[in-house]
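Worksheet for the structure shown next.
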């Protein structure tokens, strides 16, 4: 299990907003982002795109579309701040792009939490070759 965690960290990275996103996902779903969503479906994980396989995968698809709208920041390297108020994620950035990035991540975490019952262990590691071309965002 420890080896899997190390590999997941290397694949996902802990720099930039990925660390914050992982914390948000854990809060909303109770699941570890690196071990549960690294290669889930056709859209969860870096560099993955395809027709969503279920509601959980659709959350990741919408998140990628949200990231595509960002200008002036990089989700893999830039960091933002957020806090919790009454168990609610609050994005606390003054820079517009970082605030938008935080809002994208917050929306993903909330979506995954609302759809945690659709999580299908059979989609946990989906090969790209089984994913159909996605619709445009």
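Cβ coordinates come from backbone N, Cα and C, glycine included.
Copied from Swiss-Prot, the annotated features are:
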- 42-131: disulfide bond (DISULFID)
- 44-60: disulfide bond (DISULFID)
- 59-111: disulfide bond (DISULFID)
- 65-137: disulfide bond (DISULFID)
- 66-104: disulfide bond (DISULFID)
- 73-97: disulfide bond (DISULFID)
- 91-102: disulfide bond (DISULFID)
- 1-16: signal peptide (SIGNAL)
- 121: site 'Important residue of the cationic membrane-docking site (MDoS)' (SITE)
- 124: site 'Important residue of the cationic membrane-docking site (MDoS)' (SITE)
- 128: site 'Cationic membrane-docking site (MDoS)' (SITE)
- 133: site 'Cationic membrane-docking site (MDoS)' (SITE)
*Whole-number Å distance between the CA of residue 128 (site 'Cationic membrane-docking site (MDoS)') and the CA of residue 66 (disulfide bond)?*
21
_disulfide-bonded residues: 44, 59, 60, 111, 137 - member with fewest neighbouring CB atoms within 10 Å_ = 137
*Least buried by Cβ count (within 10 Å) of the disulfide-bonded residues 65, 91, 131*: 65
_Greatest C-beta neighbour count within 10 angstroms, which of the recorded sites 121, 124, 128, 133_ = 124
*Candidate nearest residue 73 (disulfide bond) in space, where candidates are the recorded positions 59, 65, 66, 124, 133 and distance is Cα-Cα*: 66
_Rounded to the nearest Å - Cα separation of residue 137 (disulfide bond) and residue 66 (disulfide bond)_ = 9
_Tell me which of the disulfide-bonded residues 42, 66, 97, 104 sits in the most Cβ-dense spot, judged by other Cβ atoms within 10 Å._
42
